[in-house]
Every structure is written in structure tokens, then in C-alpha cells.
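Chemist: Quick one: the structure is below, questions incoming.
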Amino acid sequence: METFTGYLKSTCFHQISPYPPSIMSIQVKVHANILILSFIECLRMPMHRQIRYSLKNNTITYFNESDVDWSSAIDYQCPDCLIGKSTKHRHIKGSRLKYQNSYEPFQYLHTDIFGPVHNLPKSAPSYFISFTDETTKLRWVYPLHDRREDSILDVFTTILAFIKNQFQASVLVIQMDRGSEYTNRTLHKFLEKNGITPCYTTTADSRAHGVAERLNRTLLDDCRTQLQCSGLPNHLWFSAIEFSTIVRNSLASPKSKKSARQHAGLAGLDISTLLPFGQPVIVNDHNPNSKIHPRGIPGYALHPSRNSYGYIIYLPSLKKTVDTTNYVILQGKESRLDQFNYDALTFDEDLNRLTASYHSFIASNEIQESNDLNIESDHDFQSDIELHPEQPRNVLSKAVSPTDSTPPSTHTEDSKRVSKTNIRAPREVDPNISESNILPSKKRSSTPQISNIESTGSGGMHKLNVPLLAPMSQSNTHESSHASKSKDFRHSDSYSENETNHTNVPISSTGGTNNKTVPQISDQETEKRIIHRSPSIDASPPENNSSHNIVPIKTPTTVSEQNTEESIIADLPLPDLPPESPTEFPDPFKELPPINSHQTNSSLGGIGDSNAYTTINSKKRSLEDNETEIKVSRDTWNTKNMRSLEPPRSKKRIHLIAAVKAVKSIKPIRTTLRYDEAITYNKDIKEKEKYIEAYHKEVNQLLKMNTWDTDKYYDRKEIDPKRVINSMFIFNKKRDGTHKARFVARGDIQHPDTYDTGMQSNTVHHYALMTSLSLALDNNYYITQLDISSAYLYADIKEELYIRPPPHLGMNDKLIRLKKSLYGLKQSGANWYETIKSYLIKQCGMEEVRGWSCVFKNSQVTICLFVDDMILFSKDLNANKKIITTLKKQYDTKIINLGESDNEIQYDILGLEIKYQRGKYMKLGMEKSLTEKLPKLNVPLNPKGKKLRAPGQPGLYIDQDELEIDEDEYKEKVHEMQKLIGLASYVGYKFRFDLLYYINTLAQHILFPSRQVLDMTYELIQFMWDTRDKQLIWHKNKPTEPDNKLVAISDASYGNQPYYKSQIGNIYLLNGKVIGGKSTKASLTCTSTTEAEIHAISESVPLLNNLSYLIQELNKKPIIKGLLTDSRSTISIIKSTNEEKFRNRFFGTKAMRLRDEVSGNNLYVYYIETKKNIADVMTKPLPIKTFKLLTNKWIH
């Protein structure tokens, strides 16, 4: 102790020698650092806590605890100790939060490579590379056979392209370790080229790469567990990794309460599509060695396929994996490979000598099941269907007789004998796999004889009124549901007939086009039937197979729903069809129309329905009804193009690039005159004088409105050129004959810095105007039309802008500063909208309807605003007059039409010529305007010739051959097409909704102005000229109606556009009055009529909801919303509560949304006969008789 004390003293004085003032104090109280250092020198142990505790408990004497100053002991550092006991830094909790907050989803990725796994076949991967998104925690795994640079580069290219295309995101940072596979020059250049920052871990700091390391460890734990549980061989290890990744991406995190898929905006995992890893299944062998070989191969389910809607299944007997949907789950506890003796699965050679006739083992209900499951079969079932099968002559005929009363589980001796010689039984087989599962049961529904077919053409589905099931006492159908495959893996016995209660309900699929009557089965019964799915055998048709026994396809509805349906359909302007006499179904090959060898690629880009004229004796559109000179019916693509699944390639057009550039430079149609044309060089003295008068009137109005600062003129050189706006006078003659002049700014060359790009100039939507007019007719409203003179000049301008003075001042070198929003400026429309909106709200007591700009209302008046035009609707004319008085206090307001007469009043509202008799009718047309404008288009009209009775002919196809014209001619023809289609579009969307299909189709060919396209456009203009007197007719709704009824009638023409696109159309009606329509090409490629119909309906729902809100705001009566379609399968899908996964995720999303709309927003969906579907005119060209029949009740 003395030695230690002496050493301590010497050490203390040595340590404090640089600080003489503290020597005396240290002698009284020892510094903790000195004490610790002394222990280090003597004992090489700096533990100050132990030293302090020892002094306190007197295990070390000479010093007391109070003799030492412990204040700086914690912060003391000993270099030798730090060197001797150096460790890695501790993990800082929450250290990655800054990355999560700084980056958007898919911008920061973690990656790591695992491997190699030894003793595997060459075909099996030895490595895998994983990626994890920092924000969403979504994970990806990719197999690798090696760690070469090109292999890693391929994976990086794949993942980056996937994220860019699927999530519209760009990866910014990728964190990885310092392995050579990541630090090589090839990958570094690739990342640098794509603007991605590589973030490497520091040396020997694997914990900094914890996200990727932990993921690999978790996936490997899952892999080992799955392989152990399933008993599958080790070379399937990556399949277990992929299965685990799918599951882990779908499980919610305890911290965020969401799964990685939810964070990424993806739908949740449909558990019904996921099977346990290693689940025993039987896979259909679509390519057997012979017709008598078994069709099933035992296998094990691994994971859902990445590249299809199928499942990856391992087939031990073939030593390979397959991607298929044709499998059946084996229900049993055994899941090991030793369950089957695959060596015993050999076939008796004697069976090859059997020559019995072979009949189809596939019945029509198997095809329906395939459609219902939303799967694609590897086998063409249609080729095995026989409409009139002969009586089977082989030994199996007795076993499948529909009149046999033997229970389904029993078989004849012959069938047993055949089954015993077919295959040697495995050593250990699931008890459910028996002859009753392999061979068809005796009581099977035979393939029905078609008694009636109603084809809807391309606008709907093919409806087969076919009894797919025999009478209840004679049929027992084994079905399988793909959605229930993973719900019950226990043994399940066969069910008996008395356990079921069949009710005919429509079952449909997203991808199919057939709507058939099949039994409704309970959930418990479905689980029992899962394992019994087996093909049916065609047999003789039942005796009573007539239309009288057919149960009609009808979704159950309540009495109130039926009343609602009757109420909705009663007011619609649907055609009256004469009763049809029953007709027999003709021989399918008797009345096939001839095929024209000169068929081209598209029918007017779609004019000429792909399915409308190829269906035999189509009730929807009969060839006998076609009064045109059409002699041929054709498909969308010609016969030679149908040899390939791919659409024909588009042909090149001469001068394509130059033509596109030329289109951009084409000037719009100019209907006005410049100053020199109207005044300076105008040789018409009378017209010149009128324009001069209009010129001075405009100048006086500008000065009156204090449009610019008249006190000071600015030198042009002193002003920033970008703030100088060119100006000009334009002159035109209005429809009423008056001559007008307008001083405008050249906003087309205005600099972007001189206006706020975020401001919007709003005008009333045409649907809002049509809705307001319809409500005015039903409620006996007065309609008052106003005009505000020089409306824009009432709005102040905030920016500093200058213009040249008008020509008559003769001050070309000077500038004047604007104070008002001159016509033509980019911001003028927005400034005026904000000005008048503020005045109507504050001074007139109005409020703007949310979501419908320029529609204002209060308790008495509704106002629709279109720039300087105002339309007022009110039950009390005095309320309109009160608004007018308030407006006149601030604005120069002209009353165009007060609307006080009880007789017919004529209006000219936004181009529509309206005839309105309050409480009776309203007629909307454009006869005067079309009579004036159409002759000016230089179209060879035939005013004295025979009038066209339809806007286009079915079967006329646009030839997409090369366009051999020069640049100047191309510009001229495109300019002409712009004029013609522009006017047609204006008229079509105003009120001629029956022309929208032709207008939309021809508009797609504006940049392809071939002679044929121009001729078809001329024909459309000629039809508009011949029918220019047609009007949209509205009649007042019944006064007893308590509700407003808003209906959308939808239709789709499947695949009648180039590249298999479909044409969709919708017509909107309010209280039986057509207020709008739309015809357009579907944005997605549909694979069936049902998908096309779903797409059409989904396009109508948003506008239907918006219109519903507007109507409720303008009129307080309750509203009923309805959707009408001629596709029963679509209605079945929308009304179904089945949660099965759809074959296509895009249409699945649309269908699920429609279900939500129907169930949550009081939206009624009803069926309408195809012959009464007036939306048919929106999707395809129709024969004259059909076109007239569908349109004569609402436009004539």
C-alpha cells in the first residue's frame, strides 16, 4: 500500500504539474482522473465505477470516497484502453429515419447477394440477389447462377426498368456492401450513366447494411423451414425464397400497421390464390403420349407465377417445374415426396392395342368453369365440344348414360375393369383419389343442344339460352373453385344430392363472353366439391331440351328495385319494337355471308363492326335490316391477318416526320378580318362604313372603361421588350348581321413571365348547361339571357404590361400602359372570372356549385356563366329581374331575352338555337348556323340530290396503305380535315350525339388525309347538311314524378378498332331527356365483350356522380341514378359478391369500383335489350333502319 500511495503521489504531482495553482487543493482532495490513471499504471484497469464502489465499501483503504473528485471521471479517456479494447460502434436507434423522410418511395434501395449454395444441379440457381425499398419496405428477389458482372448488371437493369414503368419512379440511391460484384467498373459506369448514387458500406461494417442482411437471413430461415415442412428437394430452395418474399410483402408491419404492398399502393394479397408451399396437386397433362394414357401428373405447388396468372408447380416424375392453371388440389395430410411411387406410374403395353372409338371427355360445363375461374387453359376445349354427339359405342357408354339411376359413386363392372388395367396404383395414395374421381359419374349433365342464340354483336356479349344442367333429380355436377383451393386442406367426403339446393343464377367471368345458367352453391358445399372436379363426358341430350324448360337469366331483385327499374326505363326515349314471331335456329353454315378478298385493316378506324355482321342470324343487327348497298360483312382484321395473334403492323407514311412538324405549323381557321382588310383596302363601301362605325364604337368603349393610362406615353426603347404586347383590331360579322370590331392583344406571343400560369379561365360546362335547361323545362322555370358588354375590361390587371396605341392615333413609336384586362391576354379570362365571381357572391347573394365552375345558385335563381353571357333560371321571373338590377349597377348588362312570354320563345344560347315553351317542350338545334357555315367549307354538297339517310355505311373500311402525296398537298388536306372535323365535333358535342361515333373515328385520321378518309368526311358533312333541320326534342316530365332520374346507357363494340381496341359509348339522360353523349376508343385493350362493357360503364360512372351532385344542388328533389347495359355478364359481375381474383388487374379494379358504386351510392344497374340500346349509335355504324329506330324518338 505504501508503494501504491507513493506511486500515486508521484503520479499526481506529475499529472498536475502544468497547473501550479491546484497543487495545494489536490493535497486535500484527489482528482478522480489521477486516481484512475494510477490504477491504470499499476493494475492496467481503469474501471472508475469499481474503484468508487471499492472505496465506498472499504475494500481499498487509505482513501475514502469523499477524498476523490468524481465529476470528470465519466469523460476521462485512456488512449491505451481505447487501443486495447477498441470495438465497433453501437447501432444508433432510429438512424435511418432521415432516409425515410428524405426520399420518396422507390428512390432509396438496399441490395445484397447471398450464396453460393453448394451441391445443386446446374439448372438450379446458386445465388440470389435481394432488393428492399427504404420507404415502402417492398422486397424483390432474383435468382443468380453466378456473380459475374454481366449477371449482376442484367438484374440491375431489370429492377430499375420495373420500378420506372410500374411505379413511375426513378431510383436515386442504392446502398450495398463493398463486394466486388458491386464495386466493379461495369456496374459503377452503369449507375453513373443512370444518375444513381451508389452508397457503399464502410470497411468491415456489415451492421450498416442491416436492412439487406436481415432480409436475407429472414428469407433463409423461411426457406429452411419450408423445405423441411414440405419435404421437397434442396434444389427448389429459391422457390421457397420467392414464396417467402410474396408472403412477407403482404404481411402488415406492427410498427406501421400496413404491409409493404399497401405502402407501395398495390392491392393486398388474395389469399385464395396462394397455396401452401409444397401443397400436393394433380396437374393436367395437355400433351399425353396417347389418348388412353392418364391425364393427371402428381406435383407440388411452389409459388404464384411472375409471368402469368398460373402457378409454378414441381413435377417430380418429369423432374421439372411448369407454369399452369390446370391443376386440382389434393386434400390430405401427407405432403412428402414418398407419398407417391413414381416408378410405379407405368402403363400397360397391352392398352396400346385397344382401338375403341374415342369421344370427347370435355363437357361444356368444364369450359364454363374455366371461364369462371378466370384462367386460361392449355387445352383448346372448344375443339372437343360436339353440339350433336353420337351415342358412345365403347365400353364407357353405359357408365355415362344420363338416364341411369345408379348413384354417382358406383360404376359398372366394365368401367372398373378398364380402370384397373389403365394404371398401376401408387404405393400410398390419398383416399380421395379413386375411380369415382378419375372416371365421370353416371349422372352427368350432357352437352346441351343449342336451342336459341341471341348475339349482341360487338356491342355486348353472346347470350346462350342453354340449360347447362339437367333437371334437379337427374344431375349432379362436380365443380371446383380456384378461389377455394387454399381454404380447406382436410379430407372431405363426397356430397349427396339431397345436400344441395340449386338455384339458377348468372355466373360470368371478366374474360368470357358467354352468360349461362349454372347452379348457385353454398360455401360449405363448395368446399366439399373442391376435390371432385373431373371432366364430364358428352352424352345424348335430354329428351326435354326445349326453350320451355329454360330458366330465364335474371338477378333476384326486391319489389322496390323492380319498381325503380320500371320507373327509370318508363321515361326513356327507347324505340318501340314490334313483337317478333319465334324463329328456329338455322344451320350454322347455311347463311354465312361472302368474304371480300379486298378487306382492309380497319373500318373507318372502326366503322364497320367486327362482330355485328359475322354472327349468324344476329338478332341484334340482322343483315336483312340493312338498306344500304353493303353486300359484304367483314371482321376488323382480314383473314390473312388473323393467322397471327399480333395485330398488323402500321405501314409507314411518306414524309411522316415532316408531316407532323407541318401540322404544328398549320394555322387555325380564321373567320375574322384585319384592319387593312376591313377598312383600308375594303372595296365594299357600305361594309367599310359599317366597320368604321364599329371601330370608333370600340375605341370609345376602351376609353370609357379606362383601359390604359392616357396621361403618359412611353418610349419604346425604355421598356423591357418582354412586357410589350402586340395588339391589333379584328373585325367580323355576327350571325344577327351586326358588324363588330374588337381591339385585342396578341396573347399567342405573350412572354410567360408576364402572367400567372396557375390562373384558370373557367366557363360553364356544356353538361351543366344542358342539365340546367332540362330542369328548367321540368320545373316551369323562366329562362333569361343576358350579355355583359366588354366584360374583360371590367377586370383590373396586376402585371406591368404595355401595348401600342390604336392605329388612328398615329403613334407607332410610343407605348401605353394597360390598366384593364384587354381581350387576348393570357390572364384576361381568369381576371374576369374572379371579378364576376366575387360580385355574384358578395353583391347578388349567389354561391358557386362545388365542382362545377361558373354555375351559381341561391334559393331562387340559377346562373350559368359563359364569359360575358349569362343564362338565368328561376321559378319567379321577379327573382331574375332582381339579379339583373344588381348587375346593372356595376356592369353594362344587356337583356337579350327576358323569357316572360308563355308562348314559344326562341333563344340563341352558346350556339344552340333553342325553342322553349314553358311547361311543354324544348327543342335544341343549329339549323340557321349550319345553313350558313356548311356551304363555306368548300365541300361538294348536293342540295338537290337524294338525301343520305345514315351518316356512314357499315362495312366501309379505311385502307391504311401508304399515303403517296407531297408536302404541300399533305398540309392542305390536313388543314381541310381540321376544318371539317372541327365543325362536326362542335355540332356533335352540342346536340348531335348520334354522329359522335363517326366524328370520333374520322378525327383519328386527321393526320392521314387519304382520298378515302376525305370522301367519308364529305359524306358525314353531306349528312349533316341533309339533316341540318334535326332537333334534340325534350318534353316536360310528368308533374307527379317525385324524383329526378339520372340514367347512363352504356355500350361497347369489342375489338372493332385497329390493334384490337374497342369503341365505347355512353348516353346520359335526365328525366328521359338526352343531355349528353360520348364516344371514344377504349384506352385499354379488352380481351372480351364483357371487359369492353365493364370499361364503358366505368367511364360513365364519374360523370354520372358529378351530374348527380349538380342536380341535387340545383333541385332539391331526390335523385335516382341508373346504369343500363345490354351485357348480362357485366351486370352479373357488378352485382356479384364473389371476391375471386380477376384475370386482369386493370378490369378487376374497374369491376370492384363499380361494385362499390352500386352498393354504396344507390346506383341501380339494369339490363336493356340490345335492340333498344340507343347507345349502340355511339359504338358502331348501323344500318339505316336500325339507326333510325334508335334515334327517331329523341332527335328528329
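Placement of Cβ uses the backbone N, Cα and C atoms for every residue, glycine included.
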Chemist: Which of these ranges is annotated region 'Disordered' in Swiss-Prot: 533-552, 633-652?
Modeler: 533-552
Chemist: Looking at Swiss-Prot, Asp868, Asp869 are annotated for Mg(2+) 2. Which of Asp787, Asp796, Asp813 sits in that same site?
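Modeler: Looking through Asp787, Asp796, Asp813, the residue Swiss-Prot assigns to the Mg(2+) 2 site is Asp787.
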Chemist: Need one residue: from Glu976, Glu1091, Glu1093, the one Swiss-Prot lists with Asp1051, Asp1126 for Mg(2+) 3.
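Modeler: As annotated by Swiss-Prot, Asp1051, Asp1126 share the Mg(2+) 3 site with Glu1093, chosen from Glu976, Glu1091, Glu1093.
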Chemist: Reported in the order helix, strand, coil, what are the DSSP residue counts of the domain 'RNase H Ty1/copia-type' (1051-1193)?
Modeler: 69 helix, 38 strand, 36 coil
Chemist: Count the residues of the domain 'Reverse transcriptase Ty1/copia-type' (779-917) that DSSP assigns to helix (H, G, I), to strand (E, B) and to coil, and report the three numbers in that order.
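Modeler: Result for the domain 'Reverse transcriptase Ty1/copia-type' (779-917), in helix, strand, coil order: 34 helix, 49 strand, 56 coil.
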Chemist: Which residues of the same chain, at least 6 positions away in sequence, have a Cβ lying under 8 Å from the Cβ of Asp112 (Mg(2+) 1 binding site)?
Modeler: Ile129, Ser130, Met176, Asp177, His209, Ala212, Glu213, Leu215, Asn216
Chemist: Neighbour count, 10 Å Cβ-Cβ cut-off, for Asp177 (Mg(2+) 1 binding site): what number do you get?
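Modeler: For Asp177 (Mg(2+) 1 binding site), the count of other Cβ atoms within 10 Å is 19.
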